[in-house]
Amino acid sequence: MEIFLSIAINILIFWIGYLIGSLNASIIVGKLFYKKDVREFHSKNAGATNSLRVFGYKVAIVILFIDIFKVVFATYFVRIVFPFVFSPKLYFYIPLIAGLAAQIGQAYPIYFKFRGGKGVAATVGLLISINVLLWPIAGVFFFLLLFKTKYVSLSSLLTTLIMIGFISIPWMSQGVLSYATSGFGQFWVNIIIYLFAAALIFWKHRENIKRLLSKTENKMKFKK
């Protein structure tokens, strides 16, 4: 009985995260305040980068933090609330599933015909949910790679791969800064969840990968 209930609880966690993640900030902000659908411009992507092109950097920063925060919120909501209803001693469930589901919702939002972003900002939220130290680590690698390559997409993809190594360190998932995941399964559970998130990022960047291989991907221009 506990096994079936554990499965049901994890399915519930997934749906909670997915519905939260489907609240795509760039689409909502664009339609509410600018009467524009960000998906109709430039890359057609509903994320912070395209919002920068359409609405400017101030709005893009707000959207970026919303996309990050909603993943953290979904994970911590499950981590804080669910133990009051479902005892972790009786049932096996994983709060980080809510974070992964929120990333999927960001990429394929149910409220907006499943046309969303590429999930990069949402993956940052997933990293924070695992361990807040992973955020600055990822940031350092991303900006170093961006400065070196000038490609936002390539920097995002390489940083995604690099972070697998850091997540594989047991302390990152079970240490004092891992409140949302510590005590909910072994550290390898987080690795598996992150691998799914990484796979989604690569899938959503498949056109960028083609352009990178053909050397037609646009480079970031730095102002002096």
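Just so you know, glycine gets a Cβ as well, placed from its N, Cα and C.
Remote same-chain partners of the transmembrane segment (3-23), defined as residues 6 or more beyond its termini with a Cβ less than 8 Å from a stretch Cβ, comprise 70-71, 73-75, 77-78, 82, 86, 91-95, 97-106, 108-112, 116, 122. Feature annotation from Swiss-Prot assigns transmembrane segment to 3-23 (among others); the stated evidence is sequence analysis.
Taken from Swiss-Prot, the feature transmembrane segment covers 54-74 (among others).
Annotated transmembrane segment per Swiss-Prot: 90-112 (among others), in sequence order.
Annotation comment: Swiss-Prot describes 127-147 (among others) as transmembrane segment, evidence class sequence analysis.
Taken from Swiss-Prot, the feature transmembrane segment applies to 152-172 (among others).
Marked as transmembrane segment by Swiss-Prot on the basis of sequence analysis: 183-203 (among others).
Remote same-chain residues near the transmembrane segment (152-172) are listed as 49, 120, 123, 127, 130-131, 133-134, 137-138, 141-143, 145-146, 178, 187, 190-191, 194-195, 198, 201-202, 205, 208-209, 211-212, 217, 220 (criterion: CB distance under 8 Å, separation of at least six residues from the stretch ends).
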